[in-house]
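Peer 1: The compositional bias 'Low complexity' feature in TrEMBL is assigned to 146-164. For 135-178, the entry in TrEMBL reads region 'Disordered'. Look at TrEMBL and you will find 12-31, 51-69, 81-101 tagged as transmembrane segment.
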Amino acid sequence: MDFVQGLDPSKLLLGGAVLSFAVSAFSAPIYNFPLFLYGLYGQENTESVSALQNFTGFLAGSLLWDIVWMANNGQHGFIKFLTILLLVLKIPTLAACGLAVRQRGATFGGLGLRGNDLSGPTVWSMPGGFTSTGRDGYQNLDEEAATPAAPRVPVATPHRSSNPASPPPPATGPYQTA
């Protein structure tokens, strides 16, 4: 780890950009030069961590892609040597840029690689007020399940009237009925 801390990512990126530019005129992977230019941008842009984070992910993917490209395409001897040298240069560049991302305070959260915290940050909570402080909608796994009481249904009793229905009192005044 001390070896990686001693590496300068900007010099590695500049060397990779120069080497990939030199082989770009020949039969070589065409994605390396734009990739290293993006890495230079991500290294120089200190306000944003996402550019360097993205570059580090792309660089890791291009390691495998370079091997596949070289297996499927033929090259002349010296150009093949430079392409292999560029492939080898990507390994310390990847380590140095990964360390630079961590020093800037970012992590590789999309991959679940955040040091010792594998559970991840809490970004969601239950809507509707269900909390563990007294609402009935939430129960811990360690709690005993409360058995609900049987609902009480009132028994209907027949309605008995001791007084027969009496007619309403007669209306007085102009509203008399005939």
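Easy rule for this one: first residue shown is 1, then count along the chain.
Keep in mind that glycine also has a Cβ here, set from the backbone N, Cα and C atoms.
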Peer 1: Apart from its near flanks, which chain residues at least 6 from the ends of the transmembrane segment (81-101) lie with a Cβ under 8 angstroms of it?
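Peer 2: Same-chain contacts beyond the ends: 4-5, 7-9, 12-13, 15-16, 19-20, 22-23, 28-29, 32, 39, 42-43, 49, 52-53, 55-56, 59-60, 62-63, 66-67, 70, 75, 107-108.
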Peer 1: Which residues, given as numbers and ranges, are at least 6 beyond the ends of the transmembrane segment (51-69) yet have a Cβ under 8 Å from it?
Peer 2: 29, 31-32, 35, 38-39, 41-43, 45, 83, 86-87, 90-91, 93-94, 97-98, 100-101, 104, 106, 108
